[in-house]
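Taking it in order: structure first as structure tokens, then the write-up.
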Amino acid sequence: MPQFYGTHVDSPLMLGTAQYPSPTIMADAFRASGAGIATVSLRREGGAGQAFHDLIKELGVPVLPNTAGCHSVREAVTTAQMARELFETPWIKLEVIRDDDTLCPDVIALVEAARILTDDGFQVFPYCTEDLSVCGRLLDEGCEVLMPWGAPIGSGRGLNNPYGLRSLRAHFPDVPLVVDAGIGLPSHAAQAMELGYDAVLLNTAVAKAGDPVAMARAMALAIDAGKLAHAANPIEARDMAAPSTPVFGMAVLG
Amino acid sequence: MKITLNGEPRDLDGPTVQDLLAEIGLGAAKVATALNGTFLPAGRRGSTTLKDGDALEVVAPMQGG
């Protein structure tokens, strides 16, 4: 099972808490999936925050607060500081967004915010692109986890750049890597694990499914399958056929 | 005292941030605060006095992905 900043978690599935049809369905989805981490956020208190806090505590899984919606270093750092006090954890899923259509990370601001937060004792989970140089910079600044996107948040497109994700895995074999965002189907989650990733973070694919509880279970099974497949050392793909049935000993009948 | 609370203009007594939270019914709530864009830790709310024109953000746990 994955380990982040020295903490073991019970499952490679990191599941978001947003957009479910009801709190009960959200809780059932978490139970069905056995998710190891719940991602959460913070917003202006409009009356619902206290009940949600109680619900999260009942889930009994570690929480990973995010800085979703932040577009600047200052916003992200202040949000992280409030999240640390609110959720009583040094973990922060650091999001600094550059473009609202794609929710593409502002990688320059991300590196700067990661530096400030790491210096302040945070354990940063950066939502980043799969760019090797950006990821290297984040590691230089003290990040011990990387969370490259598979595709834009909420798009359900799967892994847009499997080559880039594979390359990242090869370059940083000892760094916990999480595919964060873009997962739409269990097969996408399985593919991330087949690439050797340590975990998958998803939300919309489960919360907005027709049956979120069933989809949560399907994601958990796919992640287990992908993880097992990676450990089993898959065959290399090839362009030409290779007979699986032995040619030697074939009767001459023609 | 006129301040901006979570983006809305309000006329509240205060004078401290902790007093203000009690005034709006959040005295014992699980919230975090930022004053004029800077994080204000819970331990400093009782000693931080508000003044006209201040902007206070009060946030709570919420669903997220």
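Glycine is no exception: its Cβ is also placed from the backbone N, Cα and C atoms.
Cross-referencing A:Gly154, A:Gly164, A:Gly226 with the 1-deoxy-D-xylulose 5-phosphate binding residues that TrEMBL gives (A:Ala181, A:Gly182, A:Asn203, A:Thr204) picks out A:Gly154. For the pair A:Gly182 (1-deoxy-D-xylulose 5-phosphate binding site) and A:Lys93 (active site, schiff-base intermediate with DXP), the C-alpha distance works out to 16 angstrom. Using a CB-CB cutoff of under 8 Å against chain B, the binding-site residues that qualify from A:Gly182, A:Asn203, A:Thr204 are A:Asn203, A:Thr204. Comparing A:Gly154 (1-deoxy-D-xylulose 5-phosphate binding site) with A:Lys93 (active site, schiff-base intermediate with DXP), their Cα atoms are 16 Å apart once rounded. Candidate binding-site residues: A:Gly154, A:Gly182. Fewest other C-beta atoms within 10 angstroms, A:Gly154. Cβ-based crowding with a 10 Å cutoff singles out A:Asn203 as the top-ranked of the binding-site residues A:Asn203, A:Thr204. Within its own chain, A:Ala181 (1-deoxy-D-xylulose 5-phosphate binding site) has A:Leu103, A:Tyr127, A:Trp149, A:Gly150, A:Ala151, A:Pro152, A:Ile153, A:Gly154, A:Ser155, A:Leu201, A:Leu202 as residues 6 or more apart in sequence whose C-beta sits under 8 angstroms from its own.
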